[in-house]
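Asks: Input: one structure, supplied below.
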Amino acid sequence: MPDERTTPRGRFITLEGGEGVGKSTNLALVVDHLRACGHEVVATREPGGTPRAEAMRRLLLDPDGEEPLDQDAELLLVFAARAQHLARVIRPALARGAWVVCDRFTDATYAYQGGGRGIEAARIAELEAFVQQGLTPDLTLLLDMPMAAAQRRLEGRLKGQGGERDRFERERGTFFEAVRQAYLARAEAAPERMVVIDAGAGLAAVQAELLARLDERLEAWS
Ligand SMILES: Nc1ncnc2c1ncn2[C@@H]1O[C@H](COP(=O)(O)OP(=O)(O)OP(=O)(O)O)[C@@H](O)[C@H]1O
Ligand SMILES: Cc1cn([C@H]2C[C@H](O)[C@@H](COP(=O)(O)O)O2)c(=O)[nH]c1=O
């Protein structure tokens, strides 16, 4: 294992936003762009990213049957999956100098479990400190658009896949609006790290803006 004190670590970039805003679509673009710049890139996602963390993802996303998932259990599962992901994938990649691009990370916890479920931010912050030990993304690209339009996109994708809605996708509009507002509040509080992208435009325009903002950051880091 490389020595974290002497090896320059790679960069950690996250994509965030509500359901259907285009995170998966744009993650591929970011990864291709960074690879074209010559970086080793690890593309991953949360919850998940390792076999055990993916098993925890299934527990989180499986629709509630006879036994609804308690919201504190949900929060702890999110952080259990994150601890596994950090230990097995994210920290080793960063330590060897690779760049990590992750579809969702802890901002999602503040947005979904904090904004959506109403869990106090201070409680989330305690778990964040315990699990992450100070590791936070270098850059977060927040894809933002009105909730109703994102829901229409999501419906289009679900129809195409013949897919059922997962446990979060079954939530009500008020939940998603609270998630969106919590994301925007976090972006306002951390403007250096979080860049808000207007995800409501056509794909070409969204991708042009995203690459322009990413290139600004790459320039600043070089
Ligand atoms: N800018 C855009 N304009 C129109 N359609 C788009 C745009 N970006 C993505 N889409 C389409 O919207 C749907 C949702 O996109 P995508 O799956 O990338 O979103 P997501 O944020 O990853 O969703 P989820 O939160 O459910 O994982 C897909 O069918 C995708 O092709
Ligand atoms: C990291 C994280 C995720 N979630 C929720 C948000 C989404 O509904 C699902 C993940 O599925 P997607 O394919 O990325 O849309 O998990 C959460 O509630 N809290 C978190 O910290």
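Using the three backbone atoms N, Cα and C, a Cβ is placed for every residue, glycine included.
The annotation ATP binding site is assigned in TrEMBL to G17, G18, E19, G20, V21, G22, K23, S24. Per TrEMBL, domain 'Thymidylate kinase-like' is recorded for 15-209.
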Asks: For the binding-site residues G18, E19, G20, V21, K23, S24, which residues place their CB under 6 A from an atom of ligand 1?
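Replies: Correct list: E19, G20, V21, K23, S24.
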Asks: List, in sequence order, the residues of the same chain other than G17, G18, E19, G20, V21, G22, K23, S24 whose Cβ lies within 8 Å of the centroid of the Cβ atoms of the recorded ATP site.
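Replies: Along the chain, the qualifying residues are L143, A150, R153, L154, A199.
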Asks: Would you mind checking how many other C-beta atoms are within 10 angstroms of the C-beta on G17 (ATP binding site)?
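Replies: I get 27 for this one.
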Asks: Which whole-number mean pLDDT does the model give the domain 'Thymidylate kinase-like' (15-209)?
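Replies: Taking every residue in the domain 'Thymidylate kinase-like' (15-209) and averaging pLDDT yields 96.
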Asks: Give the number of CB atoms, excluding that of G20 (ATP binding site) itself, located within 10 Å of its CB.
Replies: 23
Asks: List every residue in the same chain as G22 (ATP binding site), at least 6 positions away in sequence, whose Cβ is under 8 Å from its Cβ.
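Replies: Listed in sequence order, they are L143, R153, A199, L203, V206.
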Asks: Test of understanding: give the count of other CB atoms lying within 10 angstroms of the CB of E19 (ATP binding site).
Replies: 19
Asks: If you draw a 10 Å sphere around the Cβ of S24 (ATP binding site), how many other Cβ atoms fall inside it, taking every protein chain shown into account?
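Replies: So the Cβ neighbour count for S24 (ATP binding site) comes to 12.
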